[in-house]
Ligand SMILES: NC(=O)C1=CN([C@@H]2O[C@H](COP(=O)(O)OP(=O)(O)OC[C@H]3O[C@@H](n4cnc5c(N)ncnc54)[C@H](O)[C@@H]3O)[C@@H](O)[C@H]2O)C=CC1
Ligand SMILES: CC(=O)C(=O)O
C-alpha cells in the first residue's frame, strides 16, 4: 500500500508525538511527516529513531520548523506538559495554554484549509482556545476528546460480551476528563441495544464508567504517561480526514448551545467535522450539561480569559 501525497506536521515530539508519528508511519496515511519541537536536539533524535522504521512503509519523516508545519494538510499539537501521578488534566491549563499560544502564533499565516488536531491536555479547553488563536473555521479545529475513552469503554464491554471491539458502538461523551459520562442509551452491539445484550445493574454501569475514566490515571501512576492509545486514535482521525472517510467519531468540537468544546459524535472528513445528531436520555443530557458547566467554569474562572480574544 502506498501513502497519500499529503503531509502531516506534529508539533511536540515527546512520547505522544513520537507514538503518533509511528502510528502514521505504519498506517501510511501520508507521504510526508514533519516533527517540530522546541527541543531541537531531542526532536532530531526522535526523527533518527523513527527513520529506522521507515523501511516498513513509503513514508518520509523529517525534522521541521513552524514554517514547514503551517503548510501541512493536518497539524497535530501534542506539545505541552503531561500530568504527574495524581494530577488532573485541568491542572495543566496554565502551562499548556502558554505553549498553545506560542505554537499557534508561530503557525501564522496558517494554511486556510488546514485541519488542526489538538491532543495536548486539557484537550477540550485547548481546543476552545486553539479555535480562537488559530483563526481557522471552528469545524477545522478538533480535539481528540473522548474517542480514546470510548475505545477504552468498548474494550471493557467487548471483553464482557466476548465479541470483537468493532462489533460494539458505545460512546463516552462530554469532557476528556473527570466530568465525562457514558451514553449508555445509544450503545449497541451489532445493532442491538447493548443493555439488552448485556444487562448491567446501575452499580455495574458505574463501575465500568469509573474504570474507563480512571484508566489514564492508573497507567500514569506506574509508567508516567500514556501514548499508544491516543496515537492510534489520532492516526484514525488523520485517515478519516485525508481519505475523507466521513467517519462518525466522538471528538471534541465547538458546541454552540453549550458555549465550550466537548465531545459528542461528529462526522469527520476532509473539511473537518460536521454535526451528527445523537439521542440522549434525560439523565445523560444532565451529565452533559454538568460537563459543559465544568469546562465553562475553567474558561471563565481562569486568567487565560484574555487569550486570543
Ligand atoms: N488527549 C489525550 O488523550 C492525551 C493527551 N496527552 C497529552 O499530550 C501532551 C504531551 O504528552 P507527552 O508527549 O507524554 O509529553 P512529553 O513531555 O513527552 O512531550 C512534550 C513535548 O512538547 C515539547 N514542547 C513543549 N513546549 C513546546 C513548544 N512551545 N513548541 C514545541 N514543542 C514544545 C517538549 O519539548 C516535549 O518534547 C500532554 O499535554 C499530555 O497530557 C497524553 C496522552 C493522551
Ligand atoms: C493522558 C490522557 O489524557 C489519557 O491517556 O487519557
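Just so it is clear, glycine is given a Cβ too, placed from its N, Cα and C backbone atoms.
Here's what TrEMBL has on this protein:
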ACT_SITE  176  active site, proton acceptor
BINDING   12, 13, 14, 15, 16, 17, 37, 96, 119, 120, 121  NAD(+) binding site
DOMAIN    8-143  domain 'Lactate/malate dehydrogenase N-terminal'
DOMAIN    146-300  domain 'Lactate/malate dehydrogenase C-terminal'
TRANSMEM  6-25  transmembrane segment
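Candidate binding-site residues: 12, 14, 16, 37, 119, 121. Those with a Cβ under 6 Å from ligand 2, in sequence order, are 121. Residue 12 (NAD(+) binding site) counts 24 other C-beta atoms within 10 Å of its own C-beta, drawing on all protein chains shown.
In the three-state DSSP classification, residue 16 (NAD(+) binding site) falls within a helix.
For the pair the residue listed as 'active site, proton acceptor' and residue 12 (NAD(+) binding site), the Cα-Cα distance reads 20 Å. Around residue 16 (NAD(+) binding site), the C-beta neighbours below 8 angstroms that are at least 6 residues distant in the chain are 78, 82, 119, 120, 225, 227, 230, 231.
Within 10 Å of the Cβ of residue 14 (NAD(+) binding site) there are 20 other Cβ atoms, across all protein chains. The residue listed as 'active site, proton acceptor' counts 30 other C-beta atoms within 10 Å of its own C-beta, drawing on all protein chains shown. Ranking the binding-site residues 37, 121 by how many other Cβ atoms lie within 10 angstroms of each Cβ puts 37 at the bottom. The number of other Cβ atoms within 10 Å of the Cβ belonging to residue 119 (NAD(+) binding site), over all protein chains shown, comes to 28. The secondary structure of the residue listed as 'active site, proton acceptor', as reduced to three states from DSSP, is coil rather than helix or strand.
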